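Participant: Have a look at this one before I ask anything.
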Amino acid sequence: MTTFRNHCPHLDSVGEITKEDLIQKSLGACQDCKVRGPNLWACLENRCSYVGCGESQVDHSTIHSQETKHYLTVNLTTLRVWCYACSKEVFLDRKLGTPPSLPHVRQPQQTQENSVQDFKIPSNPALKTPMVAVSEDLDIEVEEEDELKARGLTGLKNIGNTCYMNAALQALSNCPPLTQFFLDCGGLARTDKKPAICKSYLKLMTELWHKSRPGSVVPANLFQGIKTVNPTFRGYSQQDAQEFLRCLMDLLHEELKEQVMEMEEEPQTLTSEETVEEEKSQSDVDFQSCESCSSSEKAENESGSKGFPEDSNETTMLIQDEDDLEMAKDWQKEKVCNKINKANADVELDKDRDTVCETVDLNSQETVKVQIHGRASESITDVHLNDLATSQILPSNESVSPRLSASPPKLGSLWPGLSPPHKKAQSTSAKRKKQHKKYRSVISDIFDGTVISSVQCLTCDRVSITLETFQDLSLPIPGKEDLAKLHSSSHPTIVKAGSCGEAYAPQGWIAFFMEYVKRFVVSCVPSWFWGPVVTLQDCLAAFFARDELKGDNMYSCEKCKKLRNGVKFCKVQKFPEILCIHLKRFRHELMFSTKISTHVSFPLEGLDLQPFLAKDSPAQIVTYDLLSVICHHGTASSGHYIAYCRNNLNNLWYEFDDQSVTEVSESTVQNAEAYVLFYRKSSEEAQKERRRISNLLNIMEPSLLQFYISRQWLNKFKTFAEPGPISNNDFLCIHGGIPPRKASYIEDLVLMLPQNIWDNLYSRYGGGPAVNHLYICHTCQIELEKIEKRRKTELEIFIRLNRAFQEEDSPATFYCISMQWFREWESFVKGKDGDPPGPIDNTKIAVTKCGSVMLKQGADSGQISEETWNFLQSIYGGGPEVILRPPVVHVDPDVLQAEEKIEVETRSL
């Protein structure tokens, strides 16, 4: 949004008006229909006091403007001004009385007799006053510290073979986007889920980066919380640093994720009869790690992906009704079309997977099949592309075998958005819009990337394209033969990433000793003595190299319905802000484990990933600088982890060895045996922009409007190379107000910016929406009260019915209910989950035999009374009914009489 100040010729007709006048008018009603707010409009014409309703009612404000030629009006809820004659929003440089200053607000340095107090506007009395942004909020580089006083140089004590955790935590701690989020937006680390890992991590980051710089701290609380969730890390045995990283980031994502509502437009080229597999947000998925495309790992992952464990205690399960399902389908259709339109191809959905298409050369007419893989479904959507050139198909022909993280995965999408996720809010389109539920967190914002992979059948030329979200790249370390193929430019030899396994060899204590000898000798002997040097670019090239699918690793073509020879490879569609690279040094077999100790050369600056970028990718920055590296010394069965990290405040490298922190040279880091590397996008332009905005904040001019902006987005602006469009939706509801649940800590969510800063940020990054006034949403408050009343009523009725059921001596009928669904319902009525569950789903506990529904043996089910079942079923619907009837034993009256006689005789004795 650009600024329209002094471009509206009707500003001269505005009369003098004070904030008290606007507040008084906002408490009134429309002068014609008597309807009350919100969203009343006040006429700004000189000596006109008219107040009318907006478009949500009869729109008397527009009628008043047409009849009286009074063109300027102000929304009494948002304080935004609209000119009917110019048909645009205008910004006032004068006319509104200067409001009094707000107390207890940070003030930046005053220059040219201008203070921050000139920019404040009155806040909602029910909300705490947000702080005004200062230079430190916009530019991390203003925190110039002396080298001897640099923060972040605090060690971590080893509390029982926990060097793997200490190295991982130090590596994450030196990732500025994540650490700065917890330091600047610590108020957002809120969760009702146990064991509240985000709060323990916040406390740890505060201690590590405190100005007092303690020598070392003990991460006991964080470690205890992780052990509670993941039993893998219990005990005192050595664990894997990368697995710990995955577990920690999964837990942080689960606790910090927020549901985001996006408006999606329905593509005009699609009809309602076309069906597409249901899609959910990729950020709700437990993050994946892109593994190398070896045949053995591919088979292992495919076999392991058929069934996933479910965390029924904490996981929010979203069961969509038919309308939600249609919205998800339409959303997915648009994502497919966005990708196809980028390839300049015509799109036509075909429901018949086995449609016979004429197969010709790739340079002429080609049929490409886009597979949308849903983990909860095996349905596949076929999208046929016509006139697709070879250059648009082959560069993305590689399938990636995802390796799931340590924590239980959730169902989710393999289709992150191909188009920019944030668009300027404009209502000019006449297309029907859909709402789509999406989840995001600071973890997904920082570490999520997208890989586009494809497999081509060499018989029918069908190409299967898949998009997958990754959190880290697991790269193979190529051997001598692989390096020769990679470095050969005379012939396009296909390099198989899986062949790197030949570099493994059994190791023992002798190898442990020889490793240190070799490390010393390597530094003294020329590299040609040991053979070719393996670089990180070689590992990336091996990962992204084309791979033949033949022999035991043939491709199962769905068009041919047979195993066929194929070729696969992949490219990156979207690079993350911080790229986590895992070098596959360990291989764990059934009887033994091995380790590759090959030195991999990696750059400290200027890692160029352009060769691995998809041609149609919108990515602009593909150069990365190293932040930290985790190293492992020893063998696969024993060893020690350390981390080398670059301090962001003084740009010096340090070795973090448990509680010991030592400055090291760059050459020491480059000679390290890297295991996990963290690279950050590099952008001089972003640093210049931060300095420019920071300088503007110190010399800002007075303005009458103050803008509120998300702290989370400001953290992105402060630490990201590509912060993306401004997003204020993290503190706004869908109605434009403050959600009642966030009202108590609104000061932790937003900062105030003067108008000139907002204009500069908005003109460069777009996004929004613009917010000039904070108020608690009345509509959300009513909905919240309704949902709380519903929770209370359902819980009370269930307790009463269940108590009556427990008092029955011998109930004739039991109704079985899925405990998975019941846990979701229990989380809802107890206030742990904001959304009610979907329909009752007993399909997992039911089995049909001889035409009747019976309880499946060993099913995770509970027993309730018929009255309780009818109560829940009347609210949520679903089924099927699973009824248990205890067998009735018929006793012969003569036998019963004889037993009673014996009992009487026994008592008489």
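One is the number of the first residue shown, and numbering goes on along the chain from there.
Each Cβ is built from the backbone N, Cα and C atoms, and glycine gets one as well.
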Participant: Can you match one of His10, His70 to the Zn(2+) 3 site that Swiss-Prot gives for Cys43, Cys48, His64?
Facilitator: His70
Participant: With Cys30, Cys33, Cys53 listed by Swiss-Prot as binding Zn(2+) 2, identify the candidate in His60, His210 belonging to that site.
Facilitator: His60
Participant: Among the recorded positions Cys8, Cys86, Cys163, which residue has its Cβ surrounded by the fewest other Cβ atoms within 10 Å?
Facilitator: Cys86
Participant: Report the same-chain neighbours of Cys83 (Zn(2+) 1 binding site): residues 6+ apart in sequence with Cβ closer than 8 Å to its Cβ, ordered by sequence.
Facilitator: Cys8, His10, Tyr71, Leu72, Glu89, Val90
Participant: Can you give me the Cα-Cα distance between His640 (active site, proton acceptor) and Cys163 (active site, nucleophile) in Å, rounded to a whole number?
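Facilitator: With distance taken Cα to Cα, Cys163 (active site, nucleophile) is 7 Å from His640 (active site, proton acceptor).
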Participant: C-alpha of Cys86 (Zn(2+) 1 binding site) to C-alpha of Cys163 (active site, nucleophile): distance in Å?
Facilitator: 66
Participant: Summarise the domain 'DUSP 2' (785-888) as counts of helix, strand and coil residues per DSSP.
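Facilitator: Final tally across the stretch: 45 helix, 24 strand, 35 coil.
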Participant: For His640 (active site, proton acceptor), list the number of other Cβ atoms lying within 10 Å of its Cβ atom.
Facilitator: 16
Participant: Can you give the mean pLDDT for the domain 'DUSP 1' (684-777), rounded to a whole number?
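Facilitator: On average, pLDDT over the domain 'DUSP 1' (684-777) sits at 89.
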Participant: Treating G and I as helix alongside H, and B as strand alongside E, what does DSSP give for the domain 'DUSP 1' (684-777) in helix, strand and coil?
Facilitator: 44 helix, 16 strand, 34 coil
